[in-house]
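TrEMBL lists Asp114, Asp422 with the feature active site. For Glu85, Asp114, the entry in TrEMBL reads UDP-alpha-D-glucose binding site. Residues or ranges marked as Mn(2+) binding site by TrEMBL: Lys257, Asp281. Positions annotated as transmembrane segment by TrEMBL: 21-41.
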Amino acid sequence: MGKDGYLPLFETKVAKGRILFRCYAASVFVGIIFICVYRVVHFPPASAQMEPRLSLHLQDRLSQRYEKVLPGIDIFVCTADPRIEPPIMVINTVLSVMAYNYPSHKPSVYLSDDGGSDLTFYALLEASRFSKHWLPFCRKFSIEPRSPAAYFSTSPEPHNSNPLMAQEWFSIKKIYEDMRNRIETTTSLGRISEEIKKEHKGFLEWNSVSTRHDHQSILQMVIDGRDPKAVDSEGQPLPTLVYLSREKRPQYHHNFKAGAMNALIRVSSKISNGSIILNVDCDMYSNNSESVRDALCFFMDEEKGHEIAYVQFPQCYDNLTRNDLYDTCFRVINEVELAALDANGGPCYIGSGCFHRRETLCGMKYSKGCETEWKRENERKTREKASVLEESCKVLASCTYEENTQWGKEEMGLKYDCAVEDIITGFSIQCRGWKSMYFNPERQGFLGVAPTTLLQSLGQHKRWSEGQFQIFLSMYCPFIYGHKKIPLKLQFSYSPYFLWAPNCMATLYYVAVPSLSVVGASLCSQRYGACGSCPLPMSLSPSMHTAWGSFFGLMAQSKLVGFAENTFVVTAKVSDEDVSRRYEQEVMEFGCPSPMFTIISTLAMLNLFSLFPV
């Protein structure tokens with residue numbers, strides 16, 4: 001009743017459900033804030049991509065000026081487990097880098113076997129024999145690619161119009177298939193027969209090996225390039241070929257791939273001491289025999305070459321499906337972002353397919369007046385016998401050698417205590433004044449094996465996101481460690497990669513809260529449920545990197561507060577027939593149960609249910 005007994009003609013009552021609606025409005029506001037944060041975080045790469053730079057090489061000029069003084073090249077191939085990185089795949093990579101279009105006595109190939117497997121050593125021994133036939137065949141017919149497995153699987157049989165090539169083609173293919181059968185048979189048995197052990201003294205080293213995690217340094221010069229008898233079937237010298245399995249003991253941390261690389265740097269400095277170092281993963285075979293000369297066009301340039309620390313090639317894969325099921329082609333990164341980094345101060349080091357100047361990996365700082373004399377660098381520094389070298393170099397690969405040294409800590413070698421040792425190492429080199437170059441040739445330089453299951457892909461991205469976020473929150477944050485050392489635009493260019501993990505919070509909100517609002521509102525009141533929805537099923541995301549970041553961000557942050565430890569999981573390079581068939585058919589392979597599937601599947605189901613409100 002109103003004043004003076006007045007009875008109103010209408011009444012206003014507080015509606016039910018206002019608290020829920022206010023919560024929804026607040027959530028929308030928070031979502032807008034997250035979107036703004038997302039755009040701010042992703043502004044640096046957008047600005048960096050405005051100035052991409054493409055590098056071209058002029059190989060003919062290199063040959064005219066420096067053919068007689070081309071430097072020695074040390075090539076590192078790293079493997080860790082013969083069960084998931086088959087020896088036959090490893091030696092195909094080794095053979096491909098031995099066959100570069102380069103003076104054959106100047107490359108030295110080092111195979112680092114962190115699995116300490118005599119099966120891998122046997123495969124390398126077989127490869128050394130096969131190389132006597134394979135290298136002349138590659139030179140004579142200028143074939144591409146120079147991985148035997150890749151070549152014979154993609155090259156059609158030669159026509160009768162060239163009977164000489166046809167004859168040699170079938171002959172070399174038979175030699176390769178015989179070698180492959182011997183290696184695969186021995187690998188399937190899981191042991192080396194007594195007859196094979198008598199073929200080389202190196203097998204005696206395994207008499208003292210207890211396990212792959214507890215053994216002495218094993219080093220064998222399978223081919224000594226200095227030996228005048230080390231020649232191929234045409235009398236041309238063979239590249240030096242070295243097997244190394246560094247010492248491992250349970251009481252010493254082996255520092256994963258970074259530790260293996262540092263051992264290779266020390267051992268190679270004693271044996272061949274090449275001015276340039278190329279490192280590749282065991283599955284990343286050479287797809288272009290001109291890659292060494294391409295890289296040297298940058299290092300040996302008279303005007304700018306002395307500034308360059310490393311030349312990075314893109315990581316590409318030869319087993320991608322038509323629609324790239326797990327989003328592993330990295331097309332935007334390879335064709336846009338790394339080229340943009342090249343224009344803003346230099347690309348990051350991404351762990352494989354990278355040519356390094358040796359001095360930069362050994363801690364040397366850039367100095368304007370310091371230029372390399374390639375003729376002097378081309379001279380070998382050791383004349384010791386192979387047997388003496390083998391024994392003396394074992395000390396360099398021992399567990400105790402790095403104690404009380406700067407290896408892996410400040411400026412010497414690859415850095416330790418980080419899941420992405422490549423990124424942080426390249427960044428620290430740039431902070432010492434060096435520049436880097438990115439080169440993406442028309443014919444891809446290296447081709448590898450992409451993950452064929454969802455779990456493998458998740459494992460890779462998990463390690464990358466954790467490691468990069470760890471760098472950002474450490475003393476190596478680009479805005480702190482890189483202050484006044486690298487250009488500001490390069491500091492900003494690094495930030496999106498380092499902040500990939502925390503960006504998951506905005507992504508989680510974006511894919512979860514709208515759907516929860518729809519479901520909650522429809523259950524409470526249809527009148528306040530018309531708020532809309534933006535479902536984002538994980539399987540339909542245009543870039544699975546964003547979706548997967550949700551899990552990886554939480555894992556990365558749990559490591560920072562001590563709930564988890566850094567681990568290095570080797571990605572399997574081989575799959576069984578059923579898994580391979582499903583991958584080729586683009587059927588997503590979950591493989592086995594994993595906590596990494598929980599968030600992805602939960603969000604997918606949540607968005608699915610939000611499409612059918614009650």
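Every residue, even glycine, has its Cβ placed from backbone N, Cα and C.
Just so you know, TrEMBL annotations never went through curation; they're auto-generated.
What TrEMBL annotates, mapped onto the structure for a quick look.
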residue : record                           : Cβ neighbours (10 Å)
Glu85   : UDP-alpha-D-glucose binding site : 26
Asp114  : active site                      : 24
Lys257  : Mn(2+) binding site              : 21
Asp281  : Mn(2+) binding site              : 25
Asp422  : active site                      : 22
If you measure Lys257 (Mn(2+) binding site) to Asp422 (active site) at Cα, how many Å is it?
9
Roughly how many Å separate the Cα of Asp422 (active site) from that of Asp114 (active site), to the nearest whole number?
18
Rounded Cα-Cα span from Glu85 (UDP-alpha-D-glucose binding site) to Asp114 (active site), Å:
11
Do you know offhand how many angstrom separate Asp281 (Mn(2+) binding site) and Glu85 (UDP-alpha-D-glucose binding site) by C-alpha?
10
